[in-house]
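According to TrEMBL:
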- C60-C81: disulfide bond (DISULFID)
- C104-C141: disulfide bond (DISULFID)
- C183-C205: disulfide bond (DISULFID)
- C237-C264: disulfide bond (DISULFID)
- C277-C318: disulfide bond (DISULFID)
- 52-177: domain 'Corticotropin-releasing factor binding protein N-terminal' (DOMAIN)
- 185-306: domain 'Corticotropin-releasing factor binding protein C-terminal' (DOMAIN)
- 1-23: signal peptide (SIGNAL)
Amino acid sequence: MPSAFRFQCHFILIFLAASKGEARYLEVRDAGEDEPFLLLSEDLKRELSAGQIYRRSLRCIDMLSIDGQFTFTADQPQLHCAAFFIGEPEELITIDYDFINIDCQGGDFLKVFDGWILKGEKFPSSLDHPLSTSQRYVDFCESDNIQRSISSSQNVAMIFFRIHQPGNGFTITVKKNKNLFPCNVISQTPSGRFTMVIPHQHRNCSFSIIYPVVIKISDLILGHLNGLFLKKPSAGCAGVGDFVELLGGTGLDPSKMFPLADLCHSFHGSAQMKIGCDNTVLRMVSSGKHVNRVTFEYHQLDMQETENRKENSIEEFCFPSM
């Protein structure tokens, strides 16, 4: 049985799975009943790319991965609402306020968060984000100088909102912009291939996959000699300055996950690891002294692979978050 965390994330990502042919991972009820929770088909996405603007109502709990204009109108008091936005790894998200009719004095609010939060856990973690946690919130009701356009620092963002009075609501426009050097990423799918590049920047970047996966690193450039090391309680790569670590856990925040392996030095070849956790993260730590690059691919871990624990170079690991 999936954990509560995985269930929540699968609920959010059901839209993405359906649009990319991965619907077999989740059961859905009658399409008419669940229509608000299904993403646009690829054909419709191509039609909209010709210049049309997609418009629809926003739900109290919603997930959006496409550009468009979205309107929420309360039909009853809505006190615990959130909408999650996600783009491709190389995209940033911009949220524009088009129209807002809420009662801030009466307890309503509309907040944008730069990243995602689930059960108090953040992505990116506080260690990997350029802003403090308080700076990552933009509260419409507390802003002296209202920002009409808010952009994310990675491919995910979200809004929290509370509206007491039926008939009140807001309209937003969501757009995507290219990110030349994607840093923190949540994958939309349980399989894929990605190259992360950090060009002479002192920053940490995490790639999060909310599935148990087999991950294979095929190329790593850190400006060091060759080598691959498993994480040990008394040893690791922390003193090297530039390294990649693999993390596993049951939550969203990489800083609360268990370190499974360190890759301290450059290599060309193949290093594979099975991680049977709810969430798998590849995290690159960069001192800014080098142009660091890592290429990897991943696919969802199936039952047969779970049973075969000694295939290839590294044994399977999974530990709960600490």
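Note: Cβ is positioned from N, Cα and C throughout, glycine not excepted.
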Residue, out of the disulfide-bonded residues C60, C104, C205, C237, C277, whose Cβ gathers the largest set of other Cβ atoms within 10 Å: C277
Nearest of the disulfide-bonded residues (C141, C205, C277) to C81 (disulfide bond) - Cα to Cα: C141
Confidence summary (mean pLDDT) of the domain 'Corticotropin-releasing factor binding protein C-terminal' (185-306): 84
Rounded Cα separation (Å) that holds between C183 (disulfide bond) and C104 (disulfide bond): 35
Cβ atoms near C183 (disulfide bond) (within 10 Å, other residues, all chains): 24
Residue among disulfide-bonded residues C60, C205, C237, C264, C277 with Cα closest to the Cα of C141 (disulfide bond): C60
